[in-house]
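Asker: Pulled these from TrEMBL:
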type     : residues                       : note
BINDING  : Asn108, His113, Glu118         : oxalate binding site
BINDING  : His111, His113, Glu118, His158 : Mn(2+) binding site
DISULFID : Cys32-Cys47                    : disulfide bond
DOMAIN   : 62-213                         : domain 'Cupin type-1'
SIGNAL   : 1-22                           : signal peptide
Amino acid sequence: MAASSYFLVAAFLALVASQAIASDPSPLQDFCVADMHSPVKVNGFVCKDPMAVSTDDFFKAANLDKPRDTMKSKVGSNVTLINVMQIPGLNTLGISIARIDYAPLGENPPHTHPRATEILTVLEGTLYVGFVTSNPNKLFAKVLNKGDVFVFPEGLIHFQFNPVHDKPAVAIAGLSSQNPGVITIANAVFGSKTPISDDVLAKAFQVEKGTIDWLQAQFWENNHY
């Protein structure tokens, strides 16, 4: 193969690798405010006419300084996500933010963000946090106090738990996607809208089918909390 051909193959592989690594597409202009009303379907959102863009496209009175109600949650937490659906100006910028409130002994249960790395800082209280690597599964966990920061790599299962029985906790998280997505593990496995066969889950978890049926019933009865 000629040297020029080697160069072309190497350049192509580098391009493919760079696209595979990127979580969100990089912007090619100053901004691309999402046009939520466009009928055109793309990966993300079509750009709004720049002449129609206003300051409010980059703003939301989100009240992230205000406590959220955690009493209605079965797991004792409340996540307030601000992504492109709340601020159209986030389109193509590859970032979003969330406030997480935790009741005493509340948790943000094991979940994953398929499109984002997360960086979390504790504003109030104490959190036990961690993530699990891909096979062979290794846990990286830490107790965080006010002002501490922890990173959850993209796509890995992670969690946060307030171990204090009489004090709530609050955290702010930044995510490296305008739309990070979330898959809560228990909800996905036991509460999918079309149930996974109990034969499959019984084999996977090495338990009786009756145990699986009971677990699935909890999620269906609670309307996929």
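Glycine too: its Cβ is placed from the backbone N, Cα and C atoms.
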Asker: What recorded positions among Cys32, Cys47, His158 are found with a C-alpha within 10 angstroms of that of His113 (oxalate binding site)?
Answerer: His158
Asker: Determine, using Cα-Cα distances only, which of these recorded positions is closest to Asn108 (oxalate binding site): Cys32, Cys47, His158.
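Answerer: Out of the listed candidates, the nearest Cα belongs to His158.
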Asker: If you measure Cys32 (disulfide bond) to Glu118 (oxalate binding site) at Cα, how many Å is it?
Answerer: 23
Asker: At 10 angstroms around each C-beta, which of the binding-site residues His111, His113, His158 has the fewest other C-beta atoms nearby?
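Answerer: His111, out of the binding-site residues His111, His113, His158, has the fewest neighbouring Cβ atoms within 10 Å.
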Asker: I'm trying to understand the geometry here, so how far is the Cα atom of His111 (Mn(2+) binding site) from the Cα atom of Cys47 (disulfide bond), in Å to the nearest whole number?
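Answerer: Cα of His111 (Mn(2+) binding site) to Cα of Cys47 (disulfide bond) measures 31 Å after rounding.
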Asker: Averaging the per-residue pLDDT over the domain 'Cupin type-1' (62-213), what integer do you get?
Answerer: 97
Asker: Residues with Cβ closer than 8 Å to the Cβ of Glu118 (oxalate binding site), same chain and 6+ apart in sequence?
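Answerer: Once residues fewer than 6 apart are set aside, Glu118 (oxalate binding site) is near Val151, Phe152, His158, Ala173, Gly174, Leu175, Ser176, Pro180.
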Asker: What other residues of this chain sit with their CB within 8 A of the center of the CB atoms of Asn108, His113, Glu118, the recorded oxalate site?
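Answerer: The answer, listed by sequence position, is Ala98, His111, Thr112, Ala116, Leu120, Phe152, His158, Ala173, Leu175, Pro180, Val182.
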Asker: Would you find the one among the disulfide-bonded residues Cys32, Cys47 whose Cβ has the most company, meaning other Cβ atoms within 10 Å?
Answerer: Cys32
